[in-house]
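These features come from Swiss-Prot:
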- 19-26, 81-85, 136-139: GTP binding site (BINDING)
- Thr26: Mg(2+) binding site (BINDING)
- 19-26: region 'G1' (REGION)
- 60-64: region 'G2' (REGION)
- 81-84: region 'G3' (REGION)
- 136-139: region 'G4' (REGION)
Amino acid sequence: MSKEKFERVKPHVNVGTIGHVDHGKTTLTAAICTTLAKVYGGAARDFASIDNAPEERERGITIATSHVEYDTPTRHYAHVDCPGHADYVKNMITGAAQMDGGILVVAATDGPMPQTREHILLGRQVGIPYIIVFMNKCDMVDDEELLELVEMEVRELLSEYDFPGDDLPVIQGSALGALNGEEQWEAKIVELAEALDSYIPEPERAVDMPFLMPIEDVFSIQGRGTVVTGRIERGILNVGDEVAIVGIKDTTTTTCTGVEMFRKLLDEGRAGENVGALLRGTKRDEVERGQVLAKPGSITPHTKFESEVYVLSKDEGGRHTPFFKGYRPQFYFRTTDVTGDISLPEGVEMVMPGDNIQMQVELIAPIAMDEGLRFAIREGGRTVGAGVVAKIFD
């Protein structure tokens, strides 16, 4: 029993395979599970069970994703793999599978291909902080110089998108070789696992980040003042803390004089909890749904940003027709809709359902945001797109 308890405190890290179609992402996923189970213990998963990915719905978008888990001596990994290119695009944009690091799979026989580039760009846009490269199918390349050339190309491509191409780990291996139990290639999988352990830092836990709570509801309580309710997204709210009310209107600051949960008074509320916060001297009409309560100075309101957007297909309940510049939908951030104007990249006249696109947005009211914030695009209450804030313009 004590072993079980010990396992649970291992740091938990989310990773995933990205890269061009048929470069071996799913084979590598199976090879990692199988090899690490053999070396460190744990459950092996075969190719077929991973490739047969169940479809999930995230905000109404259908995404096929396989989730596997594996352990190294120091960490527990949750790993996502998608069968199709479109699934990757949707996954990365919706944040359905948040990644603390990505494993970019590049076949040594092909070198970088169009989707290699697209996945690196998406990784940059949606904020995947670390990338490790696994050069696959190296058993099919006899020429050492060719391997070096491919590695150089991949490193240059990563540098082009602001990843540290010169410094990040590149492992040359063969996923199939490792799956077939060939020792030299199994060793490369262990090397990849060691690179994950050493190169991807332990993610900061939500509770350790600066306090933020999206406001869902506002009540005034006779004789006590104004209470705002919501689910704490990150950090801790202590009674007596100074808090900022950010978004929609000018930012104001007040003091939290009470925290309650299920009508019980608490000393603090923590990330993941639904609480009510009593605000000193704040009137009922000074706060509204869509604003956030946050540690002062930790987040600022903005109206203009660049985003990466996936437009739902007709089958997913999205639009049946394309949209053009001048389109003015609602952008749903956390708890509220705000109208915004879009501008499309140069040379793009229209956007079709099922496309993914970079677009600049200008909202009619400011929203508390930082890069990496997810949103939905809605028309009359139905979701027609999903996006992520890639870059904020002041």
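The backbone N, Cα and C atoms fix where each Cβ goes, and this holds for glycine too.
Across the region 'G4' (136-139), DSSP assigns 2 helix, 1 strand, 1 coil. In the three-state DSSP assignment, the secondary structure recorded for Gly19 (GTP binding site) is strand. Tertiary proximity for the region 'G1' (19-26) is limited to same-chain residues at least six positions away from its ends with a CB under 8 Å from its CB atoms, namely 47, 50-51, 66, 81-85, 104-107, 110, 112-116, 119, 136-137, 175-176. Broken down by DSSP into helix, strand and coil, the region 'G3' (81-84) contains 0 helix, 1 strand, 3 coil. With DSSP classes pooled into helix, strand and coil, the tally for the region 'G2' (60-64) is 0 helix, 4 strand, 1 coil.
In the three-state DSSP scheme, His85 (GTP binding site) falls into the helix class. In this structure the alpha carbons, written CA, of the residue listed as 'Mg(2+) binding site' and Cys138 (GTP binding site) are 16 Å apart. Under 8 Å, Cβ to Cβ, and six or more positions away along its own chain, Gly19 (GTP binding site) finds Lys25, Leu104, Val105, Val106, Gln115, Thr116, His119. Under 8 Å, Cβ to Cβ, and six or more positions away along its own chain, Cys82 (GTP binding site) finds Gly16, Lys25, Ala53, Ile63, Ala64, Thr65, Ser66, Tyr88, Asn91.
Annotation for His85 (GTP binding site): spatial neighbours Val21, Gln115, Glu118, criterion Cβ-Cβ under 8 Å with sequence separation of six or more. The candidate set comprises the binding-site residues Asp22, Lys25, Thr26, Cys138. Of these, Lys25 has the most other Cβ atoms within 10 Å.
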